[in-house]
């Protein structure tokens with residue numbers, strides 16, 4: 001199998017893994033676990049696995065104490081906030097809708113980057129923003145039965161924080177190996193949810209065997225998503241990897257329909273596809289501008305180390 005096929009397969013596996021993880025998290029929530037416990041165990045498990053990998057393959061190479069503190073704080077504040085909002089959206093609205101709302105993040109990145117004069121707002125980006133906006137309008141106008149407004153706000157808030165995460169973290173991510181950045185950012189998120197759980201007494205210790213299996217599965221699929229994303233980026237580049245891995249959204253939508261009996265109308269499906277199309281257009285636009293030396297490639301999956309769940 002050649003490099004392109006291997007990279008494509010890796011991106012598909014990454015997208016599928018990322019699409020499965022939040023569905024498992026919602027099952028865990030319905031099985032009695034709360035948001036703090038799910039996210040704490042998820043981040044802790046991923047950090048331990050990455051730390052073990054780093055010890056074996058990276059040896060004792062270390063970052064400066066200042067950079068470590070910066071990454072941990074970044075994870076504790078921005079990434080933990082995004083993850084919490086994303087998880088809350090999954091627990092209050094249909095999983096398929098929560099997933100699609102997160103995919104608004106490239107549009108928020110494009111607008112923010114243009115406003116901050118980091119990138120130009122090109123015609124392609126304008127078309128993508130119009131598509132994303134119309135897609136969101138279609139989703140909200142023909143909303144799911146009994147959609148919780150708070151869940152919508154959580155989902156959009158998660159996308160906005162994810163955009164912030166990418167914009168602020170772009171320079172850091174270019175200077176340091178992604179696996180190291182991921183480990184320290186998730187370590188920060190682990191600390192954040194650990195402290196939140198201790199203060200609120202929200203950490204559940206009486207966890208059934210079934211829920212332990214669910215949590216282990218969430219950690220495994222998260223690590224699979226990370227590893228195969230890195231492999232794909234190395235083989236086919238960040239833009240192709242990001243476009244292929246948008247299979248995540250259809251996977252989440254399909255599993256949500258299968259497990260939770262969530263159903264989308266034709267209008268809702270059209271709105272979802274418009275948002276995904278906007279993501280793909282923005283990725284192609286980023287690739288073109290990168291070739292011309294005018295783009296920071298902020299929306300690239302190379303910078304997307306992991307989703308909130």
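Every residue, even glycine, has its Cβ placed from backbone N, Cα and C.
Note: TrEMBL annotation is automatic and uncurated.
TrEMBL tags one of the stretches 127-145, 241-259 as transmembrane segment, and that stretch is 127-145. Range 180-200 is the one annotated as transmembrane segment, of 12-32, 180-200 (source: TrEMBL). Counting Cβ pairs closer than 8 Å and at least 6 residues apart in sequence, the transmembrane segment (65-87) and the transmembrane segment (212-231) reach fewer than three and form no contact. Using DSSP to sort the residues of the domain 'EamA' (150-282) gives these counts of helix, strand and coil: 116 helix, 0 strand, 17 coil. Using a Cβ-Cβ cut-off under 8 Å and counting only residues 6 or more beyond its ends in the same chain, the transmembrane segment (35-53) has close neighbours at 25, 28-29, 80, 83-84, 87-88, 91, 179, 182-183, 186-187, 189-190, 193-194, 196-197, 200, 202-204, 207, 215-216, 218-219, 222-223, 226, 306, 309.
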